[in-house]
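Annotation comment: TrEMBL describes 3-76 as domain 'Cation-transporting P-type ATPase N-terminal'. Positions annotated as transmembrane segment by TrEMBL: 56-74, 80-99, 245-265, 271-297, 672-694, 742-765, 808-829, 841-863.
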Amino acid sequence: MSEFYKKSSQEIFKMLNVTEKGLRSSEVEERRREFGFNELSEEKRKNTFIIFLEQFKDLLIIILLIAATISGFLGELESAIVILVVVTINAILGTVQHVKAEQSLQSLKKLSSPNAKVLREGKKVEIPSNELIVGDILYLETGDYVSADGRILDTFSLQVNESSLTGESDSVVKINDSIDKDNVAIGDRKNMVFSGSFVTYGRGTVLVTDIGMKTEIGKIASLLKSAKEKKTPLQESLDNFGKKLSVIILIIAALIFALNVFRGSDIVDSFMFAVSLAVAAIPEALSSIVTIVLSFATQKMAKENAIVRKLHAVESLGSISVICSDKTGTLTQNKMTVQKVFVDDKVLDSDKLDKELELQKRLVLMSLLCNDAVTIERDEIGDPTEIALVNLGDIYDLDELIVREKYKRIGEVPFDSNRKLMSTLNKVENKNYMITKGAVDVLLNRTSKIAKSTGVEELSNQHKQDIENINRDFSKQGLRVLAFAYKEVAEGENITLEDEQDLIFIGLIAMMDPPREESAEAVKNCISAGIRPIMITGDHKITATAIAKKIGILQDESMAMEGFELDNISDEDLKKRVEKVSVYARVSPEHKIRIVKAWQEKGNIVAMTGDGVNDAPALKQADIGVAMGITGTEVAKDAAAMVLADDNFSTIIKAISNGRSVYHNIKNSIKFLLSGNTAGLLAVLYASLLALPLPFASVHLLFINLLTDSLPAIAIGVEPHNENIMKDKPRNVKTPILNKSFTLEILIEGLLIAIGTMTAYHIGLSSGDELVARTMAFATLCLSRLLHGFNSRGKESVFAIGIFTNKYLWLAVFIGWALLSMVLTIKPLMSLFEVASLNGIQFSIIYGISFMPLILIQLYKILFVKKN
Ligand code: ATP
């Protein structure tokens with residue numbers, strides 16, 4: 001069936017059994033059963049059991065299991081079984097963590113999957129593109145991804161980039177005639193579009209002929225490798241650190257093994273102890289905790305309208321120091337209303353228009369014809385600039401659909417943000433008129449005449465100056481100004497870019513797009529967080545400046561710059577000036593990439609917003625590309641690391657604040673894990689070096705590892721937001737997470753817990769019973785590590801942070817405490833876990849000592865940590 005290109009569109013309608021109204025829902029269901037979903041099959045995901053087995057892949061765990069089995073055969077069956085059980089529970093927890101992380105990555109993918117616009121039951125609807133089906137009538141416009149193969153029905157200058165299929169990077173101009181040749185190569189099937197390509201210009205409609213694996217790209221990529229999420233920089237540096245740490249721990253474990261054997265302990269026992277020590281001390285959970293915390297954060301951010309497409313973005317968000325934001329729709333509401341009209345030498349308020357004046361009416365009529373927006377009842381569909389014009393038509397009792405039916409459009413050159421113009425060719429009573437609208441400065445250079453009520457005149461310099469003055473005046477009020485012009489075109493001719501000249505100027509229409517209410521506040525927060533906001537817009541410099549002043553982006557010492565000025569300076573000069581410029585006006589998407597690079601070369605982490613297909617390179621160049629969810633094209637969304645579901649600037653600020661929190665939380669979680677592990681190691685080292693009996697049994701170490709590495713570590717990672725976080729400056733990405741002061745804190749806290757543990761141990765030893773001593777050491781280490789979770793919540797004391805604000809941590813510590821208490825008091829468990837029966841005084845000592853690190857560290861924080 002690959003010869004659709006040979007057929008006429010009518011034949012294909014027949015072949016696929018579809019009417020021009022599109023498919024009915026019953027037909028969609030029927031076809032779904034036949035064709036399935038429009039998806040490329042991905043590699044099968046691992047099942048849960050395999051993931052569970054993979055938890056035992058770690059060499060140390062394997063050694064531990066072998067050692068336990070040997071000791072089981074040598075008679076210590078109970079302890080072997082307990083070790084097996086503890087390791088298995090650990091593996092189950094690891095599996096749950098893995099599956100959870102995987103699930104949230106999947107839902108993240110779903111959130112950011114593209115949509116398609118189709119005609120179904122005669123209505124234009126938007127559906128997820130995996131629901132496209134053979135026979136769907138698909139609408140394509142600039143910036144859309146083509147997500148199925150199809151035969152073109154109509155094209156308005158449709159151009160498509162098919163590089164993913166053909167390797168050819170130039171766009172292909174599409175046609176809708178059939179091609180009467182055999183064996184036409186894909187690149188030459190100009191009346192077809194193919195899945196995997198994207199629209200770079202114009203628009204068109206397409207009849208879907210193939211979906212999913214039947215598409216041309218599906219045939220090439222018979223098995224799409226599921227794109228694995230790359231490790232984030234933090235995960236990588238933690239992995240590296242983990243490797244180095246493992247070597248140190250293994251050396252210590254070997255040393256302890258040697259010492260014990262030297263002192264005559266049983267070889268198998270000593271070996272198992274050394275391996276357990278290594279298993280417990282090596283923080284194997286680090287990387288998976290980072291994934292879990294990051295994916296929790298992405299879910300929270302999605303609820304706040306920031307959809308993160310890549311996990312690593314959450315991390316980089318915290319260090320953003322510059323945000324380059326579009327104006328229209330991001331800082332402003334994108335709800336335009338016409339305020340002023342200039343026609344026939346008169347400036348009029350939009351509510352004081354004279355409906356009878358012919359020239360005014362002609363201008364408004366043209367603004368409806370050179371326009372793609374429609375309003376049906378309350379639904380407004382299209383570009384807000386154009387919707388404002390449609391609403392202006394209401395004042396003149398002109399309905400856009402009726403006038404467009406009466407004066408049919410027979411050609412067009414679509415709007416693009418580089419050219420800043422749009423033209424249509426309409427039939428008006430046997431004559432063909434070209435109507436052009438666009439940026440005043442651009443259009444004025446292409447006009448040679450002016451229409452007045454008295455007739456058409458040559459456009460004099462005085463006329464030009466008057467128009468420019470009016471434009472400046474409107475712009476100063478923060479209005480977006482569009483100019484309108486027209487000319488007659490000979491019958492039978494179509495229009496192209498070259499026709500946009502020698503036009504007759506008719507008037508200006510100026511509209512207001514008020515700043516979003518929350519923009520000024522968000523800009524203020526942004527500045528106080530040490531982040532520089534920059535406005536980048538295609539709009540006029542004066543309009544942009546007026547809005548930028550209103551919301552606080554343009555400050556006294558900073559300035560505005562225009563796109564043409566950028567064209568005239570080198571990258572080196574731009575780098576020198578970049579810090580002074582807060583507003584870029586009349587820029588094209590190509591300028592954005594230079595601005596991003598200039599800031600990056602100054603050592604900044606830059607976020608850049610964008611919506612158009614041409615914004616994609618800048619979005620990719622930025623450290624965090626941010627695409628607009630409502631107005632953004634699919635291509636922009638695909639290039640971005642984050643999508644704003646509400647297009648709102650203040651959402652970026654919220655996302656940054658989340659990014660900063662997450663980084664802090666991960667850091668705290670790491671500190672919790674490492675300081676606890678250090679405590680255990682130090683205690684064992686101390687006892688071994690002083691030739692004291694071992695303070696723990698193997699199972700004790702594994703049990704503590706089980707209790708602390710999972711729930712409390714994650715609970716610390718999801719510590720609620722601390723508002724003060726936006727008062728700090730952005731984090732310097734070059735500073736490693738494990739710097740000197742951080743390491744020192746880990747060592748001191750670890751030492752404190754170790755001292756407590758050893759004190760309890762010595763008190764136990766003084767009773768003359770080694771088992772009691774061991775039990776006390778074990779219980780103290782376990783309890784104080786759990787309580788240390790509260791110390792790890794943040795820099796400030798728990799009183800400053802809020803004692804009960806992290807409910808998960810309370811729950812995690814409670815569960816840990818309950819399990820420990822069971823092991824210490826329930827008879828069968830006591831013998832399994834090799835603990836002695838303790839008396840009340842011994843319990844009081846354990847509790848007293850376990851609370852000491854918590855009390856001391858909190859006291860230190862209260863006295864010496866400055867409140868933010
Ligand atoms: P940004 O979103 O980057 O802040 P913008 O939306 O104002 O900027 P563009 O949409 O590229 O930028 O518009 C640039 C200029 O093109 C506008 O100032 C206006 O003069 C003109 N323009 C905008 N929309 C249209 C349109 N639909 N038809 C004709 N001209 C338009």
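Backbone N, Cα and C atoms are what each Cβ position is placed from, and that goes for glycine too.
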Cβ contacts the transmembrane segment (80-99)/the transmembrane segment (245-265), at least three under 8 Å, sequence gap 6 or more: no
Non-local residues, at least 6 beyond the ends, that sit with Cβ under 8 Å of the transmembrane segment (245-265): 271, 273-275, 277-278, 281-283, 681, 684-685, 688-689, 691, 694
Considering the transmembrane segment (841-863), which listed stretch of 271-297, 672-694, 742-765, 808-829 counts the most C-beta pairs under 8 Å: 742-765
Per-state residue totals over the domain 'Cation-transporting P-type ATPase N-terminal' (3-76) - DSSP helix, strand, coil: 43 helix, 2 strand, 29 coil
Confidence summary (mean pLDDT) of the domain 'Cation-transporting P-type ATPase N-terminal' (3-76): 83
